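Asker: Copied straight from Swiss-Prot:
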| type | residues | note |
| --- | --- | --- |
| DOMAIN | 300-553 | domain 'Glutamine amidotransferase type-1' |
| ACT_SITE | Cys399 | active site, for GATase activity |
| ACT_SITE | His526 | active site, for GATase activity |
| ACT_SITE | Glu528 | active site, for GATase activity |
Amino acid sequence: MKYILVTGGVISGVGKGIIASSIGTILKSCGLRVTAIKIDPYINIDAGTFSPYEHGEVFVLNDGGEVDLDLGNYERFLDINLYKDNNITTGKIYQQVINRERRGDYLGKTVQVVPHITDAIQEWVLNQAKVPVDRDQKEPQICVIELGGTIGDIEGMPFIEAFRQFQFKAKRENFCNIHVSLVPQPSATGEQKTKPTQNSVRALRGLGLSPDLIVCRSAKPIEMAVKQKISMFCHVEPEQVIFVHDVSSTYRVPILLQEQGIIKYFKQRLSIPIEDQPSTQLFKWKRMADRYERLLKTCSIALVGKYTKLSDCYTSVFKALEHSALAINHKLNLMYIDSADLEPSMKAQDPVKYHKAWEELCKAEGILVPGGFGLRGTEGKIQAITWARERKIPFLGICLGMQLAVVEFARNILKMTDANSTEFDPNTKNPAVIDMPEHHPGDMGGTMRLGSRKTVFKTSESVVKKLYDNQDFVEERHRHRYEVNPELVQQFEEKGLKFVGQDNEGQRMEIIELEGHPYFVGVQFHPEFCSRPMKPSPPYLGFMLAASGKLNTYVQNGCKLSPRNSYSEHSDESSSDS
């Protein structure tokens, strides 16, 4: 087993997750089996109770783990399925050690950060690195470990010490450290500054770890003189300094790393028997990145949500839309609309904001309402759903988005004017959405219906079933506490809102479709978590096809994308790579 530790310096959010994912992608393209571990040095047990504004979206895994969004990057880039134990937090480590102490496992010894916490970290990494994450269920050969935060953070010190010890246990030929640092370029001088990187590397060395590769992040390509300066002052060879400047898309990052000889370096440094040139998989990434940069035709989508001030809150939704747009040769123009701005109360409070929100909604070729929690902005989401339904604009509702589509239909079609979800109005006389029987109030963490669940199609006359290649059932990831009221299902279906997908027992409604509408779909699950760059999520793909006016042709052609029936349609806008 080979271990690659990715650390960060200067500032957080410098792009360690994308760098780690890209390194994994390159090594996987060389025929190696790769897994990934993300370490978050916070005391929370998991990410499930975080505000999206604190840490971005909560990514859900097949086993129901609620984890950091970087694990979503790993899954998308590497096309693997990780587990909740691939996300290590300080809270998990301390909980494990304290439980052992309570059981008497330490035989009365004084339990300390060194050696007990550091040993627990190393043990966790060793065990989890062996867990298969590919479809063939074979043990991984490479484990990429990302340490969250920056060098010098007090929260990360136990982990740094653990890996200082770990490098000797693993042996030099099995362990290397990649340090990601920022090279700022102040506008006042226009000069790229190396001092922050020098200080960061010095701090890392002072803690017992020496970087094997220094990945320098910058806004613009770094000059050769800067590379030589970093090489000299950070005591590494020039080829050990890698540049990653801002690029048009994250798909370009693995190509950027590969072009700077990173495969040859890993082959020598970790004694890996691989070819210097990657397999066709990385060439597919290059073609995808090239095609992304050539796209001219745009499809405008309105994302009507609650957490629109920070795009990280909807990372997986954005990526799923981007994957689908790329598959049909369109550039995605995603407009984030705060749902509260669409509400009538906003018209009196801030008319400019209200009219701007509605102007953007009116320009959208498709409307998406994602998952969420809480009352704020729900009426604005319902307004957007009404707009999409009445004007036959393609609509996709995810989790809460589907539930609110049901509420909107109950109010405006079934004439239950006070219909609502019991989440927002526990005393409503017409509960269109109710809390699930197995949900018990109390602890917030881990109390939802989480993880991969089976959804069975109840009819062959379903556009979503066709998008899923006419499978009898699908398995997608869930994260919710509420469900559609099964007592109202018959009334909904009589008026044209069909529940085409249900759980195994036929009691829980999972997929809705509206008759007579180009694409009005709601899903209780989160298909964005399983979308991949080269395998877009079917509900998102159908949504983008409908928004671009290509859905009917796609369905008539047996739901197959080919150069003849998709890319060549816009040969004047984008070259075909096939």
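Each Cβ is built from the backbone N, Cα and C atoms, and glycine gets one as well.
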Asker: Please work out the number of neighbouring Cβ atoms within 10 Å of the Cβ of Cys399 (active site, for GATase activity), leaving out its own Cβ.
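Answerer: There are 21 such Cβ atoms around Cys399 (active site, for GATase activity).
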Asker: In which DSSP state, out of helix, strand and coil, do we find Glu528 (active site, for GATase activity)?
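Answerer: Helix, per DSSP.
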Asker: Just jot down the residues in the same chain as His526 (active site, for GATase activity), at least 6 apart in sequence, with C-beta under 8 A of its C-beta; none if empty.
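Answerer: Sequence-distant Cβ neighbours: Val60, Ser316, Gly371, Ile398, Cys399, Glu476, Arg477, His478, Arg479.
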Asker: Would you report the average pLDDT that the model assigns to the domain 'Glutamine amidotransferase type-1' (300-553)?
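Answerer: A mean pLDDT of 91 is what the predicted model shows over the domain 'Glutamine amidotransferase type-1' (300-553).
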Asker: Within 10 Å of the Cβ of Glu528 (active site, for GATase activity), how many other Cβ atoms are there?
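Answerer: A 10 Å sphere around the Cβ of Glu528 (active site, for GATase activity) contains 27 other Cβ atoms.
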Asker: Under DSSP, is Cys399 (active site, for GATase activity) part of a helix or a strand, or is it coil?
Answerer: coil
